[in-house]
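Working notes, structure below.
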Amino acid sequence: MSGDTGPPKQGGTRYGSISSPPSPEPQQAPPGGTYLSEKIPIPDTESGTFSLRKLWAFTGPGFLMSIAFLDPGNIESDLQAGAVAGFKLLWVLLWATVLGLLCQRLAARLGVVTGKDLGEVCHLYYPKVPRILLWLTIELAIVGSDMQEVIGTAIAFSLLSAGRIPLWGGVLITVVDTFFFLFLDNYGLRKLEAFFGFLITIMALTFGYEYVVAQPAQGALLQGLFLPSCPGCGQPELLQAVGIIGAIIMPHNIYLHSSLVKSREVDRSRRADIREANMYFLIEATIALSVSFLINLFVMAVFGQAFYKQTNQAAFNICADSSLHDYAPIFPRNNLTVAVDIYQGGVILGCLFGPPALYIWAVGLLAAGQSSTMTGTYAGQFVMEGFLKLRWSRFARVLLTRSCAILPTVLLAVFRDLRDLSGLNDLLNVLQSLLLPFAVLPILTFTSMPALMQEFANGLVSKVITSSIMVLVCAVNLYFVISYLPSLPHPAYFSLVALLAAAYLGLTTYLVWTCLITQGATLLAHSSHQRFLYGLPEEDQEKGRTSG
């Protein structure tokens, strides 16, 4: 896959590809090992034909990636969208999942074609300052996601124990379960992937059960799913749509998927093998995200049926008249619309459909939190290794990430109430949306570079679609910031927001600039940024082939 693209020299410097050696030789495992220490062989089959054996060999990375579409942040976003808008935002969920699939397709393609993940490519192409800032934003996204997993798991333990396990106790339990997953990882890659498949199955069965007992109106559901409209919607519904996009398309997941696909042995000296790997990974990702979409649909439909336009007084009466009457006081006795969260959601399901519905909901929520734990650990490890060439053991990495996530969460759990914890979950969903450009812009940049991707670079249609995604995300984020400013508690906060906004816009502008260079705006390419047109300078090519 080596070779120059474009002019062989530019300003006296030779540019070219960074592709690693094409032979699928296993890499040396770093201290403590990683998911990529084991390579899955691909069976030989007749060329040009579809093979279920090959699809099975490629199956795994897409399902691990899809777990980010099912974490507790997504579950909370789903139930709130159902409670606020009924079935009206189902089409947003559908198209957000489709857009997520398009982004993940680019991530998988980058990993397959170059043999490097997005973090490694960023390390080679971006200068030091933007590279470090980019790394920090993705680490922030990972910690934010981990906090959501901690919150979801703690609430699940509280529901399963009927409140006997306090929220802070559930938060601390998540430390123990994380190291259980690290222990499980020692049993091999395929067993780990199978275990995550088992957790996804639990979510499908538990949330599917809630869907069956709730019996949503199918006609209204199909209308909300396929008719892109929202009659009678206002700012609450629009902000909820923003939350759906932020929860579904998560920035660190793009970095994660580009690394996960490297676990399969693909002979990158053969274009046919690369093309075949891209096809099978796309099929697998489509299947995985279809499953995740159905699970999210179950949750949104259940709460669209059970909670839409429900008042606090009505929820109180329902619980007071049920076998779970002890939970009734969590709903204020007023006529305001219920501000539902993942805790109240489980309670009202139990009040409406019996205690089994509450416990089954809690099991599904627990599976969502647990399944997200390990993928977040891997994402953090891959991002750190890619951006910084700093290799830590999984133990050290998970200790750092989980410590950053647990400290603020346990403080909230001890000194504040459940509503503050759920409110933090909502804020973290918005944070993911705000940080999304720092994943989508780099993946669009590098997959559009012929010098890097050669014949597998984005075509015109792909560039238009992914660029439209980026414009949509930026517009949504701008709308959120404008809507959020009036809610700041004190004018002094405006200066802090202005400072953060300046840094945010500065980094985003730089990433847009480099992205435009790869889209054909050659006049923007100066000095060291010629590499975004022609590839790495000759002196950096060998470093690019041997790094990682």
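Any Cβ shown, glycine's included, is placed from N, Cα and C.
Feature annotations, courtesy of Swiss-Prot:
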- ASN335: N-linked glycosylation site (CARBOHYD)
- 1-38: region 'Disordered' (REGION)
- 1-55: topological domain 'Cytoplasmic' (TOPO_DOM)
- 74-82: topological domain 'Extracellular' (TOPO_DOM)
- 103-139: topological domain 'Cytoplasmic' (TOPO_DOM)
- 185-193: topological domain 'Cytoplasmic' (TOPO_DOM)
- 215-237: topological domain 'Extracellular' (TOPO_DOM)
- 257-284: topological domain 'Cytoplasmic' (TOPO_DOM)
- 305-346: topological domain 'Extracellular' (TOPO_DOM)
- 367-397: topological domain 'Cytoplasmic' (TOPO_DOM)
- 416-426: topological domain 'Extracellular' (TOPO_DOM)
- 448-463: topological domain 'Cytoplasmic' (TOPO_DOM)
- 486-493: topological domain 'Extracellular' (TOPO_DOM)
- 514-548: topological domain 'Cytoplasmic' (TOPO_DOM)
- 56-73: transmembrane segment (TRANSMEM)
- 83-102: transmembrane segment (TRANSMEM)
- 140-160: transmembrane segment (TRANSMEM)
- 165-184: transmembrane segment (TRANSMEM)
- 194-214: transmembrane segment (TRANSMEM)
- 238-256: transmembrane segment (TRANSMEM)
- 285-304: transmembrane segment (TRANSMEM)
- 347-366: transmembrane segment (TRANSMEM)
- 398-415: transmembrane segment (TRANSMEM)
- 427-447: transmembrane segment (TRANSMEM)
- 464-485: transmembrane segment (TRANSMEM)
- 494-513: transmembrane segment (TRANSMEM)
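Across the topological domain 'Extracellular' (305-346), DSSP assigns 22 helix, 2 strand, 18 coil.
Per-stretch counts of Cβ pairs under 8 Å to the transmembrane segment (140-160) identify 347-366 as the leading one among 194-214, 238-256, 347-366, 427-447.
Here the transmembrane segment (238-256) lies next to the transmembrane segment (427-447) in space: the count of CB pairs under 8 Å, restricted to residues six or more apart, reaches at least 3.
All protein chains included, the residue listed as 'N-linked glycosylation site' registers 9 other Cβ atoms within 10 Å of its own Cβ.
Note: the stretches the transmembrane segment (347-366) and the transmembrane segment (194-214) are in contact (3+ CB pairs below 8 A, sequence gap of 6 or more). Long-range contacts of the topological domain 'Extracellular' (215-237) within the same chain: residues 84-91, 94-95, 297, 301-302, 304-305, 483, each at least 6 residues beyond the stretch ends and with a Cβ under 8 Å from a Cβ of the stretch.
Sequence-distant contacts of the topological domain 'Cytoplasmic' (103-139) (same chain, at least 6 residues past either end, Cβ-Cβ under 8 Å): 1, 18-22, 61-62, 65, 249, 251-262, 266, 268, 274, 277-278, 281-282, 285, 289, 380, 382-389, 435, 438-440, 442-444, 446-447, 452-454, 456, 458, 462, 466, 469, 503, 507, 510-511, 514, 528, 531-532, 536, 540, 543-544, 547-548.
Simply put, out of 83-102, 194-214, 427-447, 83-102 has the most Cβ pairs sitting under 8 Å from the transmembrane segment (285-304). Away from its own ends, the topological domain 'Extracellular' (74-82) comes close to residues 89, 92-93, 148, 152, 240-241, 243-244, 246-248, 296, 299-305, 307-308, 340-342, 345, 364-365, 368, 422, 425-426, 429 of its chain (Cβ-Cβ under 8 Å, at least six residues beyond either end). Broken down with DSSP, the topological domain 'Cytoplasmic' (367-397) shows 26 helix, 0 strand, 5 coil.
When Cβ-Cβ distances below 8 Å are used as the criterion, the transmembrane segment (194-214) is approached by residues 63-64, 66-67, 70, 184, 291-292, 294-295, 298-299, 301-302, 305-306, 349, 352-353, 357, 360-361, 363-364, 367-368, 370-371, 374-375 of the same chain, each at least six residues removed from its ends. Sequence-distant neighbours of the topological domain 'Cytoplasmic' (257-284) (same chain, 6+ residues past either end, Cβ-Cβ under 8 Å): 1, 19-20, 22-24, 35-36, 38-42, 47, 54-55, 57-65, 104-105, 107-113, 115-119, 189, 378, 382, 386, 443, 455-456. Counted with DSSP, the topological domain 'Extracellular' (215-237) comes out as 12 helix, 0 strand, 11 coil.
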